[in-house]
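Peer 1: Quick one: this structure, given as structure tokens, is what I'll be asking you about.
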Amino acid sequence: MTDQAFVTLTTNDAYAKGALVLGSSLKQHRTTRRTVVLASPQVSDSMRKVLETVFDEVIMVDVLDSGDSAHLTLMKRPELGITLTKLHCWSLTQYSKCVFMDADTLVLSNIDDLFEREELSAAPDPGWPDCFNSGVFVYQPSIETYNQLLHLASEQGSFDGGDQGLLNTYFSGWATTDITKHLPFVYNLSSLSIYSYLPAFKAFGKNAKVVHFLGRTKPWNYTYNPQTKSVKCESQDPIVSHPEFLNLWWDTFTTNVLPLLQHHGLVKDAGSYLMMEHVTGALSDLSFGEAPPASQPSLSSEERKERWEQGQADYMGADSFDNIKRKLDTYLQ
């Protein structure tokens, strides 16, 4: 159907690799809808050409250069730059209905049935289930909604500093108004939830349709060995106990995306065991993009509690299983 589309966003070349894997996985599972990627000016011309080979439409979005109220909002709320770029998805009025998907998601089966849902349909956020996670949602493009979201961003900002807080404020009735707008968790399975609720994953994980790689470390931050078809993980990494989705992401990348990057000169040498820090370097263990963000400064107990309540627990660091167990042991002795 040409009036419906899957939409994603990339704000740099690292996330563009995620978008390429997402777009490839949608095509692999034979979607009948169009695929669209919003790209900011930070995406290189070479990477944009690769995006054009996978997506039906590549739309450049520059909030700083826009003539609408998005520019004014950015001047007032500079911290919402990426959020305001994402909100542009509501301006795609050439489509009657869309499904937005973050670039760190991977499609595991055909999900065209999502277009039977109404705005705003989304899955619960694992950190605070009365809020929806904005990594996958069904929406209806509308200039009126777009302008109202910009006004809300300008006047109130976002309670979590990103698009999820803003969208949950705007669509505040999601939790209680209409249960049909609650997507099953399998449409937005958080990779961190596998670690935090393993019994449920063992019972229902086989039904997953979309996996969402939440957290600071993204699939492209890992190192992959094409010979063993496995990702190299640190022993304390939560994903190490169930790396199948991560390996699947990399399999999709090496099969469908890597040849395109090579063809466009973004990868010079894709040998069997290389290391690459930048997009155009030599490779060994396949490792693309930027390193994971540097460790955050230590937080107070109140700040950590606040992050937990916002679904931002540091599962890789202070809030790791080992640290939580160690703390519990001190009380149980």
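Note that the numbers count up from 1, one per residue, in the order the chain is shown.
Keep in mind that glycine also has a Cβ here, set from the backbone N, Cα and C atoms.
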Peer 1: In Swiss-Prot, Asp102, Asp104 are given as binding Mn(2+), so which of His182, His212, His242, His263 is in that site too?
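Peer 2: Only hit among His182, His212, His242, His263 in Swiss-Prot's Mn(2+) site, alongside Asp102, Asp104: His212.
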Peer 1: For the recorded Mn(2+) site, enumerate neighbouring residues of the same chain (Cβ within 8 Å of the Cβ centroid of Asp102, Asp104, His212, site residues themselves excluded), in sequence order.
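Peer 2: Residues close to the Mn(2+) site, other than Asp102, Asp104, His212: Gly18, Met101, Ala103, Thr105, Gly135, Val136, Phe213, Leu214.
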Peer 1: Are there any residues in the same chain, six or more apart in sequence, whose C-beta is under 8 angstroms from the C-beta of Asp102 (UDP-alpha-D-glucose binding site), and if so which?
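Peer 2: Expected: Thr8, Leu9, Ser134, Gly135, Val136, His212.
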Peer 1: Can you tell me which binding-site residues out of Asn12, Arg77, Asp104, Gly215 are within 10 A of Lys86 (site 'Important for catalytic activity') by Cα, answering none if there aren't any?
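Peer 2: Neighbours among binding-site residues: none.
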Peer 1: For the region 'Interaction with GYS1' (284-316), what is the mean per-residue pLDDT, to the nearest integer?
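Peer 2: Result for the region 'Interaction with GYS1' (284-316): average pLDDT 54.
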Peer 1: Give me the count of other Cβ atoms within 10 A of the Cβ belonging to Asn12 (UDP-alpha-D-glucose binding site).
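Peer 2: Neighbour count, Cβ to Cβ under the 10 Å cut-off: 16.
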Peer 1: For Asp104 (UDP-alpha-D-glucose binding site), which residues of its chain lie six or more apart in sequence with Cβ-Cβ distance below 8 Å?
Peer 2: Tyr15, Gly18, Gly135, His212, Phe213, Leu214, Lys218, Pro219
